[in-house]
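**Q** Sending over a structure as structure tokens; questions will come in a sec.
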Amino acid sequence: MVSSAQMGFNLQALLEQLSQDELSKFKYLITTFSLAHELQKIPHKEVDKADGKQLVEILTTHCDSYWVEMASLQVFEKMHRMDLSERAKDEVREAALKSFNKRKPLSLGITRKERPPLDVDEMLERFKTEAQAFTETKGNVICLGKEVFKGKKPDKDNRCRYILKTKFREMWKSWPGDSKEVQVMAERYKMLIPFSNPRVLPGPFSYTVVLYGPAGLGKTTLAQKLMLDWAEDNLIHKFKYAFYLSCRELSRLGPCSFAELVFRDWPELQDDIPHILAQARKILFVIDGFDELGAAPGALIEDICGDWEKKKPVPVLLGSLLNRVMLPKAALLVTTRPRALRDLRILAEEPIYIRVEGFLEEDRRAYFLRHFGDEDQAMRAFELMRSNAALFQLGSAPAVCWIVCTTLKLQMEKGEDPVPTCLTRTGLFLRFLCSRFPQGAQLRGALRTLSLLAAQGLWAQTSVLHREDLERLGVQESDLRLFLDGDILRQDRVSKGCYSFIHLSFQQFLTALFYTLEKEEEEDRDGHTWDIGDVQKLLSGVERLRNPDLIQAGYYSFGLANEKRAKELEATFGCRMSPDIKQELLRCDISCKGGHSTVTDLQELLGCLYESQEEELVKEVMAQFKEISLHLNAVDVVPSSFCVKHCRNLQKMSLQVIKENLPENVTASESDAEVERSQDDQHMLPFWTDLCSIFGSNKDLMGLAINDSFLSASLVRILCEQIASDTCHLQRVVFKNISPADAHRNLCLALRGHKTVTYLTLQGNDQDDMFPALCEVLRHPECNLRYLGLVSCSATTQQWADLSLALEVNQSLTCVNLSDNELLDEGAKLLYTTLRHPKCFLQRLSLENCHLTEANCKDLAAVLVVSRELTHLCLAKNPIGNTGVKFLCEGLRYPECKLQTLVLWNCDITSDGCCDLTKLLQEKSSLLCLDLGLNHIGVKGMKFLCEALRKPLCNLRCLWLWGCSIPPFSCEDLCSALSCNQSLVTLDLGQNPLGSSGVKMLFETLTCSSGTLRTLRLKIDDFNDELNKLLEEIEEKNPQLIIDTEKHHPWAERPSSHDFMI
């Protein structure tokens, strides 16, 4: 053996630092390592009596120096003498590396430049693995760690299996806390993976399985558990080989061959590479953290290669494997965050996608019970987390559950109130951070370093800190020791030399901390911080689109602007918040101030303001809103309720309550499920009550629209109480597609006798219990409704009869919209009877898509003769045809008829119908506006209409002919008519094939004409220079004429509908 002088560090000097008790413990621990079988030959009495110097002589005489060094380092760590371990590592680094490289060849062509030399920490981890896998021969029994193989020496496959098993057992230590619930979760998802499910038989084709989900939910744990199952021969589908490829580690490699990529950690298998790869059907590849590969756009599909000996960039090699150009028969399992799914969809052939959702609610509850031990404390803490929907959602990540439990348990033990801690995620994370260090620790520099690392990583879209990154930023690994001990950082157990944050959400919190802390003077001169910008850049809409991980950091930035939290941080770390942070946040680039916003922008802003818990800040921001549109789920209702009640200038509010995430939405028959839904409801009701209180407190709030929403009985009750109150001043109310069915009925009753409501739309109710409630509203003597929209509702003939009678009684309604209802013959006749009633004051009526036929038009024509008030009628999307038009024209000819606007959009009208309309328009008719859009009137129909336009008695002011199949040669007739017409103000020729010649003819006519036309709509070729020049000439000579070149599509809202309903 070797002398002590040949060791890489002075072990004797280190042992002299130990007390007598510590030296005895060192002796005991070092003799427990089975690898040093030579130690077994040494009498224990010699070891027991030896002092430090004698012990070193014994060890170095009988054992290999590499073993003595690694074992000693491990013993020092077990004794918690990290000072001695670190000191030894500094001395042994170079010597140990040389020693290790003599014993282990370099990996398959990966040079030192391509792969950095192993550090002593990495050597120590490998030593632990090798120590467990060490083989000892005794007769015909071979021992491999704790495994026993009878009859023969283990082959390379068995040895590799055991090393992998040892490696992946470490996964249960990769996050703080117990692992029982993690294992339960892993077993649950394993049944969804074909090659780990006993019910799925092996098929002729290999599987590609993609596990996807947000960060920290257990994708890597599940992948590593699969590897462990393979190593222990517990995988249902038997693979001879399995390889674990960590993209976190691979992202640091330069170009290499596929063989070098896969076998870089298995140099002992390099002679068998061709044999192994030839058995692709028996190989499982686990590609973990695909989103961490950091490949440039297009890199994965560029230069795809099937040659496993050819050097290529790592993304190309993985892309070739996923695309099944490389080893097409191998089985693949990939884990990724959702952001990389697009690339996978392009690459992978018919993958099976499995969404990993982490801890279910029962998992979280079980975890809390095990962590606390005391059931009362556990359930109190669990309910506190559950009361904050955003925090509860984060709790699907095991690490977040551990943070919550650790923080709240400590507070309860101290007798502190944990309720404020769970109010916001910022409050919880700050309390957790401060609880890991004593107050007054003055760790200002260390915290700023950590927050800088978090920000750098978040901008790079990684939670991993590589040793090279630390060196580039001037950070020593020893600087991270405090945060490793505090469980804020974790050392990666697969990719050595890497560190990661406990969870992405905590990294986002630390990033926000970097931007909100007051800068030190030396930082202003430090160039390496500028590449991640300031708060303005962090909250930039453009940057958040590029990197969605920044969004939550923006939330936490607002949360850290809270003065109480700033004091807590200063007391612990000696750090101060920037005094200008609030003003910087107010200047941020969230583009939804003043009401001009997308729903996503607005929800982000409300979430940010809620995190701040600063009412003055909220009031200042929300005062700018006059209109607001909220999409609410269990998470968003909390910040929305907190902020909207401070919208003192709000005039209009739109709500969409998402069914999937709010209370009472989960269908279940079991009684415990009913209880659970009731508990959900109780958590959410206070916030909903706060939100609805604005209807009674804000006298300027006049408009409410609730669309596509699920409202439980409790939510409806609270809403009804608020809108029925005397202090509610709503004028326009819209309820569209609200479930369950009885919600419409209850909301209608809440409006009964409401004096200020003048506009009401009810849409999408398929139950018949709403009509009696609506009739009550209409009959009430204090009803002031002027507009009623009853759209797409189901009703019986008797209910249409009741509604017709209510319309006769009502004295306020002037406009009724019955679109998309099946009136049929009986319903139509009942309505016509009402329209004939002398006390019916309806002026505008829409019967769009009510399944009316030409026969209904005969009765309707009679109504037009006797009705004293009806001025607007819409019959769009009813197949009345030419015969129906003929009947209508008979009624319109009577001088008693008051109708001014008639909409016949898409009514199966042809040129024959235009002939009857032409005869009507040539007489002195009351009709001023006519919409014939989407009817095939063609050349002949257009000729008839132009004939009418030429007549001096034609009073038509608006003519809409969108999509009427008008060809270019009809433009000659039209130009002639426009030249002499003195009444037409609006003409719509959109979506007609007028051609360049027809449009040119129209433009030339308009250039010379001094007629009454003020709005012309048509489609032109944007690239026709001649037409564009004529258009400019018209605009110059006739600035009052507006020419709409149809940049938008009118299907969503017809032009005629603008003037139809109030």
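Cβ atoms are placed via backbone N, Cα and C, with glycine included.
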**Q** According to Swiss-Prot, which residue out of S671, S997, S1057 bears the annotation phosphoserine?
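**A** Annotated as phosphoserine in Swiss-Prot: S671.
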**Q** Report the listed stretch (898-918, 926-946, 1010-1033) having the maximum count of Cβ pairs within less than 8 Å of the repeat 'LRR 6' (955-976).
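**A** It is 926-946, which has the most Cβ pairs under 8 Å.
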**Q** State the residues, same chain only, that lie 6 or more residues beyond the ends of the repeat 'LRR 4' (898-918) and have a CB under 8 A from a CB inside it; answer 'none' if no residue qualifies.
**A** 846, 848, 864, 867-882, 884-886, 888-889, 892, 926-938, 940-942, 944-945, 947-948, 958, 960, 1054, 1056-1057, 1059-1060
**Q** What average pLDDT does the predicted model assign to the repeat 'LRR 6' (955-976)?
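**A** Taking every residue of the repeat 'LRR 6' (955-976) together, the mean pLDDT is 95.
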**Q** How would DSSP class G218 (ATP binding site) in three states?
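**A** Looking at the DSSP assignment, G218 (ATP binding site) belongs to neither helix nor strand, so coil.
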**Q** How many other Cβ atoms are found within 10 Å of the Cβ atom of L217 (ATP binding site), counting all protein chains shown?
**A** 24
**Q** Using the recorded ATP site (G213, P214, A215, G216, L217, G218, K219, T220) as reference, state which further residues of the same chain have their Cβ within 8 Å of the centre of those residues' Cβ atoms, listed in sequence order.
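**A** Everything else in range on the chain: T335, R337, V356, G358, A397.
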**Q** If I restrict to non-local contacts, at least six residues apart, and a C-beta distance under 8 angstroms, what lies near G213 (ATP binding site) in its own chain?
**A** K219, R337, P338, R355, V356, E357, G358
